[in-house]
Amino acid sequence: MKLAPLNTVQNAHDDSIWTAAWVPPTVDSGPLLLTGSLDETVRLWNPNGPDKLQTNTGHCLGVVSVTAHPSGRIAASASIDSFIRVFDVATNNTIATLEAPPSEVWQLQFNPQGTTLAAAGGGSASVKLWDTAEWKLIATLEAPRPEGLKPSERSGSKKFALSVAWSPDGRQIASGAMDGTISVFDVPRAKFMHHLEGHCMPVRSLVYSSAPLDSRVLFSASDDGHVHIYDAERKTLITSLSGHSSWVLSVDVSPDGAAIATGSSDKSVRLWDLKMRAATQILTSHTDQVWAVAFGPSLQTDVRSCLLASASDDKSVSFYKYS
């Protein structure tokens with residue numbers, strides 16, 4: 001398996017690109033890519049070209065997260081203006097505007113079933129859940145402070161929530177924090193389960209394995225330069241992957257579950273073979289920090305292949321074929 005570079009869109013946005021997410025295919029369209037930028041816009045791309053299909057405005061500060069509903073019909077974007085905008089992918093019509101005071105929302109993700117939107121946000125160190133039928137806030141998941149901290153260290157800044165991921169069955173959520181801890185929650189009971197420890201710096205990206213036999217496996221990317229692989233249920237660190245020379249800002253897992261891709265402030269994208277537990281490829285199409293890597297769905301023409309997109313502070317979006 002390898003990544004073959006396809007295209008790079010220079011100046012895809014007017015400022016740094018902080019987030020990217022694939023929109024699943026529908027009967028009307030193949031898979032599309034959403035990107036969000038410090039320029040306050042969300043843009044929609046057809047990877048065949050690649051062509052920019054539309055530019056969505058509606059935020060008054062930089063866009064830090066985009067996510068698409070499993071149906072491919074709706075998507076959501078979050079900004080440091082504290083608002084979440086839910087919109088129709090095809091028309092860009094606003095479906096709902098969700099407010100998440102008192103602080104920013106840093107990462108969004110729909111659950112695999114499409115019934116709930118999770119937002120990891122800010123100094124409250126919590127994950128907020130909205131139902132997607134009426135867009136009502138249905139739960140706030142909060143992690144306790146780790147034991148042994150002095151009262152002066154129990155401030156929100158240490159537990160600032162940065163990242164969120166759903167387990168494949170939608171029954172668990174993992175959230176990464178500024179202090180390097182990862183909190184795992186039982187969603188049906190809306191209860192904190194345990195912490196996963198091992199990182200010593202912010203955890204900016206999380207993703208559960210897509211392999212059917214590895215649904216408990218969680219990948220984390222951290223500013224400490226490492227990617228950790230956990231058994232999220234047994235609270236065990238399976239292994240740690242190192243190789244990036246700076247912060248690891250994003251991690252995603254391939255649809256076949258055999259590889260992960262990472263983006264880093266060392267300006268590179270790396271492909272890791274999970275059986276070998278090693279990086280097999282280093283791609284250097286970007287000239288600045290790579291804030292987002294995202295695998296697309298399997299290609300209809302070859303189910304063993306898919307596209308990967310990466311987005312960077314250099315304002316560019318790169319596309320690769322994974323096969």
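Using the three backbone atoms N, Cα and C, a Cβ is placed for every residue, glycine included.
Curation plays no part in TrEMBL annotations; they are all automatic predictions.
Annotated features, as they stand in TrEMBL:
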{"type": "REPEAT", "residues": "10-55", "note": "repeat 'WD'"}
{"type": "REPEAT", "residues": "56-97", "note": "repeat 'WD'"}
{"type": "REPEAT", "residues": "154-195", "note": "repeat 'WD'"}
{"type": "REPEAT", "residues": "196-240", "note": "repeat 'WD'"}
{"type": "REPEAT", "residues": "241-282", "note": "repeat 'WD'"}
{"type": "REPEAT", "residues": "283-323", "note": "repeat 'WD'"}
*Leading contact stretch, 154-195, 196-240, 241-282, 283-323 vs the repeat 'WD' (10-55) - CB distance under 8 Å*: 283-323
*Summarise the model's confidence over the repeat 'WD' (196-240) as a mean pLDDT value.*
94
_Same-chain residues near the repeat 'WD' (154-195), Cβ under 8 Å, at least 6 residues beyond its ends_ = 106-113, 115-116, 118-127, 129, 139, 141-146, 201-210, 215-216, 218, 220, 222, 224, 230, 232-233, 235
*Helix, strand, coil residue numbers for the repeat 'WD' (283-323) per DSSP?*
0 helix, 23 strand, 18 coil
*How do the residues of the repeat 'WD' (241-282) split into helix, strand and coil according to DSSP?*
0 helix, 24 strand, 18 coil
*Residue counts in helix (H, G, I), strand (E, B) and coil for the repeat 'WD' (56-97), per DSSP?*
0 helix, 23 strand, 19 coil
